[in-house]
Amino acid sequence: MCEKKIGYISSKPSNKIWWITFAILCGATFVTRYYKVLDPDHVCWDETHFGKMGSWYINRTFFFDVHPPLGKMLIGLSGKLTGYDGKFPFEKPGDKYEGARYEGMRLFCTTLGALIVPLTFLTVWEMTKSLESTVIGTMLLLCDVGFLTLNRYILLDPILLFFMSCSIYGAFKVRTLTDEGLPPFSTRMLSWQLYLGASLACTVSVKFVGLFVVLFAGLRTIADLWNVLGDLTKPVSLTVKHLIGRTFTLILWPTVLYVLFFWIHLAVLTKSGNGDGFFSSGFQARLEGNSLFNASAPKNLAYGALISLKNHRTGGGYLHSHQHLYPSGVGARQQQITTYTHKDENNRWQIKPYDKEQVEGVVFVRSGDLVRLTHAQTGRNLHSHRERAPITTKHMQVTGYGEDGVGDANDVWKIIISGGKDGDEVQTVKSKLMFVHYLQACVLTTTGKQLPKWGYEQQEVSCNPNLRDKNALWNVEDNIFDDLPKVSFESYASGFIERFFESHAVMFQGNAGLKPKEGEITSQPWQWPINYRGQFFSGQSKRIYLLGNPIVWWGNLVFLVVFFIIFIINSIRDKRAEAFGKPLQGGMTRDLLNAAGWTFIGWALHYVPFWTMGRVLYFHHYFPALVFSSMLTGILTEYLLLSIRSYLSPELGKTVYHSILGLIISTTIYSFYLFSPLAYGMSGPLGHEANSTMYGLKWMESWEF
């Protein structure tokens, strides 16, 4: 694909035209985003989660979530500053706010979502210095009704996308300054690098998918350093200086900020909440209102004590039982044994010698002892036998068996202190314990697998013949025994560093184990680029449906394929030119193709990894990739128009160029007008009914509006 070099094509717009264009797009952005922003005035979709978490920050109540804390802290802060008292329950979608001051939180998220559009404008301009490609790429995001819908509610997505857009803009601003030869330690260079580092830290601190943009910025930085090193007119020491500067501003500085956000998170959430049970006993000892906070218990464990056992698996729960039996066909129909991450009376067990109901005086439990554990509420003994576990069939079933503590020989367990020796006394919290079945020679463990509804979706407990099972460690948490002196749990409480790393271990495990809830609409990565199915945000009289503008999404998909073809053709052409000793062609089109290549990399980094994930996935996971694909479409449109124009006479080329630009912009705006009810609310008949306002726009059977 050869091209003629024509000077007027790459001419830059006047400063006045640039500012007028930017102002018009900003104005259109804020008008479309704030229009009906407080309507509907009820809880929409995941506002039930993130509004509730904002309330917990205001009330300083600890909770567990699979995402880092910054986005939720900002939601809570915006609510606090605008008069929200943190008392609205956010129980379920559709609940009316009824006087609760939710407006500040929704407007805050909407504002950050609106700022993504001007940031995209600045980014594409920084990459291309082409106003046409900048306008098209920005218009695609501005006119996408899905992007509009996602960024108008109390959600993490507008916050994530805002900081991600800040990061992309910062990465290309730093590239521009590097190409201009700005000294590595100049105030301007360091300021922009600090901005980029802060943006990266904030992105990751909202959701872990922010790591994708960190990787993108890392690749961009490597390219910058490679270009500096490849400039033979500059000393190698200049590259070293750039490397040192970026080590501090793009690695150490973001790390400090990330840790600081977690410190604030843990400093604010000081009160016990419903997420305590996911964390270790030492972690819980720091939470006001938790049974371990300012509590005391005997240092050592004695026979007859009433105890709870917490599993050492990350996010592990308490050994638990209840009156319900395993269903027929699932091993023996005996009482269920599970782990449960919340505290209740069904987590209590009494520890006894294996051969008697009680002992005289105080007798300490020691490593190597044979014991029985009797469930305090039901009187059943912890029991195992040669029946398969309900899910992990290579393990043996663990049940509750017997009456009032009287069972059989399969109730006997050998207690072993990990890292200790026979005869060592078992200590509260500190001792890591294994319970080895005396007859079956298997170890009590939790697999972390969720039981079906008959097990109340609690976690499976089994007996593993592999005694090296790393999840077979337990510690005594509650230790109720009145005949022994008590010591304070303060000595067991975790410090900040321990809680920081434990929080991450629990979050990573929670993320990996996310499963769809009953009736929940999930999706697969192949469905996202084709806009296969949306998601209802509000299903009442005011229906809001998250679905991409099909003109934008399908256009982006076509241009992704076109870019790949153009890239292959140009690579072959450049290789042949190099082989024949011909100079490679440069100019505006090469710069555009290079910029398109970076947006393609950004799209791939934010989309391809989802194909490898085993966790539950949702349609909204594609929207970070949409930002890159929209920029790519804008850039590649300009590239193709310039290529076509280069084959035509100046007058005809100019006419064709501006006609196609006008057609693209007008089509995009009109498609927004057609599909905007999806974002602003639909009422009346559904889209497939002839008298519906959306009749004729249901272009795919999988669309549910």
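Cβ coordinates are placed from backbone N, Cα and C, and glycine is handled just like the others.
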Transmembrane segment according to TrEMBL, located in which of 131-148, 149-166: 131-148
Tertiary contacts of the transmembrane segment (192-222), as residues 6+ beyond its ends and Cβ separation under 8 Å: 67-71, 156, 159-160, 163-164, 166-168, 170-175, 177, 245-246, 249-251, 253-255, 257-258, 261, 507, 511, 598, 601-602, 605-606, 609, 621, 624
Helix, strand and coil counts within the domain 'MIR' (423-479) (DSSP): 3 helix, 27 strand, 27 coil
Leading contact stretch, 17-35, 243-264, 551-572, 592-610 vs the transmembrane segment (656-675) - CB distance under 8 Å: 551-572
Interface-richest range of 131-148, 243-264, 592-610, 622-644 toward the transmembrane segment (17-35), CB pairs under 8 Å: 131-148
Segment proximity, the transmembrane segment (243-264) to the transmembrane segment (622-644), 3 or more C-beta pairs under 8 Å: no
Residues of the domain 'MIR' (298-354) by DSSP state, where helix covers H, G and I: 3 helix, 28 strand, 26 coil
Contact set, same chain, for the transmembrane segment (551-572): CB under 8 Å, 6 or more residues outside the stretch: 1, 140, 143-144, 146, 529-531, 593, 596-597, 600, 603, 626, 629-630, 632-633, 636-637, 639-640, 667-668, 671
